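Enquirer: Structure below; questions to follow.
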Amino acid sequence: MFKLTLSSLLLFSLVASTWAATADEWRGRSIYQIITDRFALPSGSPNSTCDTTRQAYCGGTWNGIRENLDYIQNAGFTAIWISPVNKNYDGPRTAYGDPYHGYWVTDITQLNDHFGTADDLKALSAEVHRRGMFLMVDVVVNHVMVTSTTQPDYSQCFFKDASFYHPYCPIQWNNLTSEQLCWMGDERVPLADVDTTNPTVIQRYEEWVANFVKEYSIDGLRIDAAKHVQKSFWPSFCGKAGVFCMGEVFGGAEVDPVAEWQGADALDSVLNFPMYAALRDAYTIPGPANVSQLASVFEESKTKFADTTLLGNFLENHDVPRWHNLSVDPQSLYNAMAWNFFSDGIPIVYYGQEQSFSGSGDPNNREALWPSGYQNTTAYQYITTFNKLRNFLVNNNSTDWAKSKTTILTTSPHGFAFLKGSVISIMTNIGSPPGVHISVKTPFETTTALTNIMTCQQWVVGAERMIDAQYSLGGVPVILVPSEQLGGSGLCGHELAEVASHGAKANPLNSGFSTRPLLSMLAGSLAVAAALL
C-alpha cells in the first residue's frame with residue numbers, strides 16, 4: 001500500500017511547481033479560510049485551550065492543517081486560504097498581544113517559524129495539490145511592524161532603509177490619499193507604510209513574489225489592505241506572481257469604492273464587502289430585514305464590477321463579527337450561505353462558521369477550532385450539500401455554470417428567488433418561525449420536474465410556470481434543479497460521477513458523514529406546493 005511520507009510530498013511539490021492557477025480556474029472553486037494558529041494542532045500536541053482575549057500564539061501549524069485536510073475536503077471545499085506565512089514581529093509582548101494572526105510582517109522573505117519550517121509549508125502545498133485542491137496564501141506588502149513612530153528600527157525588515165517608507169502620519173479615514181501614504185496601526189503597534197511607488201521597492205517585491213509563488217507552489221494570493229497601496233502597483237505585482245489575486249478592499253454596502261479595485265488596471269478579484277453588508281442587513285435576526293438594499297446592491301454590482309463571478313463571497317472573516325454573534329436564528333445563516341454558494345462569485349467560509357462560533361470582533365472572532373472536536377454539525381451538513389451541487393455544476397462542462405450570470409426571479413419582504421444557469425435558489429429571512437410563502441415564476445415549462453436538493457423532494461412546475469414555497473415550520477433555503485440534470489451529481493440517489501481536474505482524478509466530494517439527519521429535518525420543515533395557478 002502506498003504510504004505518503006514527507007519526502008514524497010516534497011517530491012510532489014516539485015512536480016506541482018508549474019501549477020499556476022488563473023482567474024478562470026479559480027472561478028469554480030470554493031474556499032475555506034484558515035488562521036493557521038487557530039485551525040489545528042500538530043499530531044502529538046496536548047489538546048490545549050486557547051483564550052482569544054490573551055491574543056497569543058495557541059499552537060496551530062502548517063502540519064496541523066495538512067493532517068486535518070479531510071475535514072475540509074469532506075465538506076466539499078476545493079481550495080484553502082491560509083493566513084500570512086511570513087516572518088512577523090518577534091519581541092516583547094505588545095499592547096495587542098502577539099502576531100499569531102500573521103499580519104505584523106517584518107521580513108516578507110522569511111517564514112514565521114511559529115507555524116513550521118519551509119519543508120512543512122511545501123508539504124502542505126503538496127498535499128493540497130495531491131487532493132486536486134488549490135492553495136491561496138495571504139500576503140502583506142503595504143506595511144511592516146515597528147515599535148516606534150518617531151525612531152522606527154527597520155533592521156529586522158526586508159527594506160532596511162527609512163527611505164523605503166513614508167514618513168509617519170496617522171490615517172485620516174475615508175481620504176484615499178491619506179490611506180495610501182500614512183501608517184496603519186497606532187502608536188502602540190505602528191505599521192510603517194512601505195513606499196510602493198519607489199522603483200526599488202517595486203522591483204524587489206516583484207522578484208520576491210515570483211520566487212515565493214514558485215518555491216511553495218501557490219495558486220492564488222489574498223492581498224491584505226489592497227486599497228492602501230496605489231492601484232497601479234497591483235497589475236505588475238500579480239503579473240510577476242503569475243496567479244490569481246483577490247484583494248481586501250474593506251468597506252460597507254457602497255459598491256463604487258470597492259468595484260474600482262477590480263479590473264485590468266487593478267486586481268483580478270476583491271472580497272465582496274458590499275454584498276456582505278447587504279446580506280447582513282437583510283438576513284440577520286434581529287436585524288433591519290433590508291431586502292431592498294440587497295436587491296439594489298445586487299443590481300448595481302452587475303454593472304460596476306468588472307466580473308461578479310470572480311468576487312469573493314463571505315459572511316464571516318477575521319475582521320468582522322461572527323454571523324452567530326449578530327443573528328440568533330441559525331436559519332438566517334443557512335439562507336445567507338445559500339446566496340453565496342449559488343449566486344455569482346466564489347464562496348468563502350471562514351473556519352468555525354460551520355461550528356456556529358459566535359465571537360464578536362477581533363480578537364474574539366479568532367477562536368481555536370480544535371475544542372469543537374470538528375463536529376458534523378447541521379451547518380457543516382448544509383455546506384457539504386451546497387458544495388456537492390456547486391462542484392457538480394462547475395464540473396459539468398456542457399453548461400459553464402460558474403460563468404453564467406445570476407438573475408433575480410422575485411423579491412418580497414420575506415426573501416428572494418434567483419436563477420443561475422438552471423438552478424433556482426429561494427432564500428427567506430423569516431428564520432425559524434413559520435407562516436409565509438414565496439411564489440416564483442420560473443423559466444421552465446408547466447409540469448417540469450424539479451428536485452429540491454436539500455430534501456430530495458420533487459416539485460412540479462405549475463400553471464403559468466409558477467412554483468410556491470410554503471414555510472410551514474420555518475424558513476429553510478430551497479435549491480431547485482431540473483431532476484433530469486442531476487445524473488452523476490451524487491445527490492438524492494444519483495451516483496457521483498468521477499470528474500477530472502487538471503488531468504488528475506478528483507476525489508469523491510461526498511464525505512463519510514451522513515446527511516440523513518439534515519434531510520429528515522428539512523423535509524419536516526418545508527411544505528412544498530407546486531402552485532397550479
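Heads up, residue numbers simply count up from 1 along the chain you see.
Glycine too: its Cβ is placed from the backbone N, Cα and C atoms.
Summarising the annotation, TrEMBL assigns active site, nucleophile to ASP224. Here TrEMBL flags GLU248 as active site, proton donor. Marked as substrate binding site by TrEMBL: GLN55, TRP104, HIS143, ARG222, GLY252, ASP319, ARG366. Taken from TrEMBL, the feature disulfide bond applies to CYS50-CYS58, CYS169-CYS182, CYS456-CYS492. As annotated by TrEMBL, domain 'Glycosyl hydrolase family 13 catalytic' applies to 33-390. The signal peptide feature in TrEMBL is assigned to 1-20. What TrEMBL lists as site 'Transition state stabilizer' is ASP319.
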Enquirer: Cα-Cα separation of CYS456 (disulfide bond) and ARG366 (substrate binding site), in Å?
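Expert: Between the alpha carbons of CYS456 (disulfide bond) and ARG366 (substrate binding site) there are 36 Å.
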Enquirer: Please tell me which one of the recorded positions listed here (CYS50, CYS182, ASP224) sits closest to ARG366 (substrate binding site), measuring Cα to Cα?
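Expert: Among CYS50, CYS182, ASP224, CYS50.
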Enquirer: Measuring CB to CB from GLY252 (substrate binding site), give everything in the same chain under 8 Å that is also at least six residues away in sequence.
Expert: PHE273, PRO274, ALA277
Enquirer: In angstrom units, rounded to an integer, how far apart are the Cα atoms of ASP224 (active site, nucleophile) and TRP104 (substrate binding site)?
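Expert: That separation, Cα to Cα, works out to 11 Å.
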Enquirer: Provide, as an integer number of angstrom, the distance between the C-alpha atoms of GLN55 (substrate binding site) and CYS182 (disulfide bond).
Expert: 26
Enquirer: HIS143 (substrate binding site) to CYS182 (disulfide bond): how many Å between their Cα atoms?
Expert: 10
Enquirer: State the Cα to Cα distance, in Å, between CYS182 (disulfide bond) and TRP104 (substrate binding site), rounded to an integer.
Expert: 16
Enquirer: Around CYS492 (disulfide bond), which residues of its chain at least 6 apart sit with Cβ under 8 Å of its Cβ?
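Expert: In sequence order, THR451, ILE453, CYS456, LEU486 meet the Cβ cut-off.
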